[in-house]
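Step one of this worksheet: look at the structure below.
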Amino acid sequence: MVSITTLLQLILEVLQMMISSTAALNLDLSLIPSGTVIKQIGEALPVSCTVSSSRNATLFWLKDNTRMRSSPSFSNLQYKDAGNYICETTLQEVEGLKKRQTLTLVVEGRPQIKMSKKTSSDGTFKTISCHVEGYPKPAVQWTATGIGTLNNKTEETKYVNGKFSSKIIIAPEENVTLTCTAENQLERTITSLNVSAINIPESDEPDERNNDNRENVNDQAKLIVGVVVGLLLTALVAGVAYWLYMKKSKTASKHVDKDLGNLEENKKLEENNHKSEA
C-alpha cells in the first residue's frame, strides 16, 4: 500500500508540474483606453489593444456581443459608434485559455433640430415634424403662438443612433408659429417654424425621410450619368473607327482606279503602235 506521505508527494509533484506548465504559457492583454469613456460627437478616440504572449495568440473584437471584421477606429465619432467593445485574445495551442478587456464608449452631443411641415393629400390637416439629434436623449416640448402648450397631441419615432422625430398634427384656422424645444443635460435648443392656415396653400418642407434618401438619389444619378457617358464614349470610338475604315477604303479605291486607268492607257498606246507599224 502507498503511504500517505508518498501520496502527498505525488500530489505536490503534479501541482508543481501544472504550475510550471501554466507559467510557461504567458498571456497578457492591454487595452487603452478601457472601462467607460465619454466623448463628444465629432471627436477622435485612439484605441489600441496589445497582446503579450509566449505562443501564437489570436486577437479579435466584439461590439455589443457581435464579432467585428476589423479593429475599431474612431477619427470622427458618431452616435452609432457608442456601445460595449470587447478586445479578446486566445492561445491557439491551448483551448480555453483566453483574456479580454472591455471598453464602454458613450458618445454625447448637444441637441440639434430640423423642422419640416407637410400638408395631407386631402388638405384637411398639416403634419409638423421636429427632427432631433442628441445624447442623452433630449426631451421635446411643443408650443405655439395663440395656442399655448400642446399636450398629448404629439407622437415620437424610435430613438436610434441618437436620432428621433417628434410630430404634431394640426389644422390651424389662422397662421401660427410652432416652436420645438429640445433639451438634455448638455444644452437647450429652440427652433420655430411658421405654419399657414389650413386654407392657405404653401410649399412643404422636406421631411427627414427625404433627407435620408438624398444620398441614395445622388448615387443613382451618378450611376445614370456614368452609364450615359460610357455609351457616348463607346459611340464616339465606333464613329472614329468607322471614319478611319471609310477613309482607308476610299484611298484604296483611288489607287485601284488609278492603276486601272494606267492599264487602259497602256493598251491604247500599244494599239496605236501596232497601227503605225501596219
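Glycine too: its Cβ is placed from the backbone N, Cα and C atoms.
Feature annotations, courtesy of TrEMBL:
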DOMAIN    42-104  domain 'Ig-like'
DOMAIN    111-191  domain 'Ig-like'
REGION    256-278  region 'Disordered'
SIGNAL    1-24  signal peptide
TRANSMEM  223-245  transmembrane segment
Stretch-averaged pLDDT - the domain 'Ig-like' (42-104): 90
By DSSP, what is the split of the domain 'Ig-like' (111-191) into helix, strand and coil residues? 0 helix, 51 strand, 30 coil
Take the domain 'Ig-like' (42-104) and count its residues per DSSP category (helix H/G/I, strand E/B, coil), listing them in that order. 3 helix, 33 strand, 27 coil
